[in-house]
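A.B. asks: Have a look at the structure that comes next, please.
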Amino acid sequence: MSHILAIDQGTTSSRAMVFDASLSLKSVAQEEFPQIYPRPGWVEHDPTDLWSSVAATARAAVERAEIDGSLAAIGITNQRETVVIWERATGHPIHNAIVWQDRRTADLCQSLAEAGQEPMITERTGLLLDPYFSATKVKWLLDHVEGARARARRGELLFGTVDSYLIWKLTGGRSHVTDATNAARTMLFDIRRGEWDAEICGLLDIPMEMLPEVKDCAAPFGMTRADLFGREIPILGVAGDQQAATCGQACFRPGMMKSTYGTGCFALLNTGAERVTSRSRLLTTIAYQLGGQRTYALEGSIFIAGAVVQWLRDGLKIIREAGETHGLATASDAAQDLVIVPAFTGLGAPWWKPDSRGAVFGLTRNSGPAEFARAALESVGYQTRDLLEAMRADWAAGAEGVLRVDGGMTASDWSMQFLADIIGAPVDRPVVRETTALGAAWLAGMQAGLCPGPEEFAAGWALERRFEPRMEAATRDAKYARWGRAVRAVMAV
């Protein structure tokens, strides 16, 4: 039987998984890498760490699967918006990667907004003027690395999101490409026409010579170096992490929603061929592109989801492992009604306040680790409801009323029950929770002719558990109103 390698390059770790042609998981390898915080609000990665962790985990996963040379295709999924610029001749990065969480270009975004540029940018890219996206990060690098812009104009430097950089490394510098979903997150790509936007590139003084070729999500992206896996292997599927999860969750029908809980939380609502312009400051993006046909989505992005649990562990040191939050939340005094607004790197959708900072409301002398754990987990549910309320307001034909979930936090039954309670809708957790890697594997497998098309793949999606709302409507509304007051207070400071 043929096998597929899925590379999942995330914000805090790189993972690789081997699937067989029926998309059953055969092996997993994972490796964390350092986070770099040069200044408050700045977040960087060393691109060599990204590459070395990907190469190591890919080899390890293939070895553990014991597949005897039957590797037929590679799919890649990745943290989006993160920016790498490297030398064409050597492949060496000219600076650390600037990560999607980084806020250093907030002033630049503000000045562009004040100059009246946001409506044009939003109309073409579907995105808002925010440091989250790649474009202003690229400009910052070209402005601050000596000689970079001139070198880029001469064709000596290349830009890419993480997928593009990894493909360059995997292919030994033979392929400078990306896919439509990653391109759509740069704020340089016209999602209406499916091409790089010359006017926006000119506005930011970004030479178009450094941009990668854009392909479908299932397409030939290049062949790996023979020394990596013993022979050349085709890279046949690429999608940004949230779009890969959308595919892995089989959200192919307009109106279907999924929400992924990792470092951040990202909810996507499939809007089909309709490019819905948000009135609620959500993002209009490409869900996936197959056969040259773009399927669009509304997306809401929360910067801090699983990261709030990391804060409990690494910042407050009230837990040693993430799994401890479940027991603490269950044992907490719900009457205290503690509220945490985890705006550690600003507020994401639908607020988009990069300068806001986190706060805790309702502290008493009896507030302890259990109450903090409960409030931290609840904050993720509240933020998800913020996104879903905005989606429902934007698209009358929208949300079917069931939310499909995936990601590390979904292992917590307590968190998923609270999520169902606070959004007032069923939450479906799939049997296969590695939906991001699954989506990448499916894209590559479909292109290789090993896996079925969307309709047949969707028919095989399996439910592990449905969480139905149990909370009384009056309680739900009161708790959500309290959250709203807390968010407004944070934005007012």
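Heads up, the Cβ atoms here are built off N, Cα and C, so glycines get one too.
Annotation source Swiss-Prot lists ATP binding site at Thr11, Thr12, Ser13, Thr263, Gly306, Gln310, Gly408, citing sequence analysis. Positions annotated as ADP binding site by Swiss-Prot: Thr11, Arg15, Thr263, Gly306, Gly408. Look at Swiss-Prot and you will find Thr11, Arg80, Glu81, Tyr132, Asp241 tagged as sn-glycerol 3-phosphate binding site, backed by sequence analysis. According to Swiss-Prot, the feature glycerol binding site maps to Arg80, Glu81, Tyr132, Asp241, Gln242.
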A.B. asks: I'd like to know which of the binding-site residues Thr12, Ser13, Gln242 has the most other Cβ atoms within 10 Å of its Cβ.
C.D. replies: Gln242
A.B. asks: Could you work out which of the binding-site residues (Thr11, Thr263, Gln310) has its C-beta surrounded by the smallest number of other C-beta atoms within 10 A?
C.D. replies: Gln310
A.B. asks: Which residue among the binding-site residues Glu81, Asp241 has the fewest other Cβ atoms within 10 Å of its Cβ, if you could check?
C.D. replies: Glu81
A.B. asks: Beyond Thr11, Thr12, Ser13, Thr263, Gly306, Gln310, Gly408, what residues of that chain have CB atoms within 8 A of the centre of the ATP site's CB atoms?
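C.D. replies: Counting only non-site residues, the set is Gly10, Gly262, Ala307.
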A.B. asks: Cβ within 8 Å of the glycerol site centroid (Arg80, Glu81, Tyr132, Asp241, Gln242 excluded): which residues?
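C.D. replies: Sorted by sequence, the hits are Gln79, Thr82, Trp100, Arg185, Gly240, Phe266, Ser301.
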A.B. asks: Across the record's sn-glycerol 3-phosphate-binding residues Thr11, Arg80, Glu81, Tyr132, Asp241, the largest CA-CA distance in angstrom?
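C.D. replies: Largest Cα to Cα distance for the sn-glycerol 3-phosphate-binding set is 15 Å.
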A.B. asks: What subset of the binding-site residues Thr11, Ser13, Thr263, Gln310 lies within 10 angstroms of Glu81 (sn-glycerol 3-phosphate binding site) at the C-alpha level?
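C.D. replies: Neighbours among binding-site residues: none.
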A.B. asks: In whole Å, how far is Asp241 (sn-glycerol 3-phosphate binding site) from Ser13 (ATP binding site) when you measure between their Cα atoms?
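C.D. replies: For Ser13 (ATP binding site) versus Asp241 (sn-glycerol 3-phosphate binding site), the Cα atoms are 13 Å apart.
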A.B. asks: Sequence gap of 6 or more, C-beta under 8 Å: which same-chain residues meet both conditions with respect to Tyr132 (sn-glycerol 3-phosphate binding site)?
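C.D. replies: Result: Glu81, Trp100, Gln101, Ser301, Phe303, Gly348.
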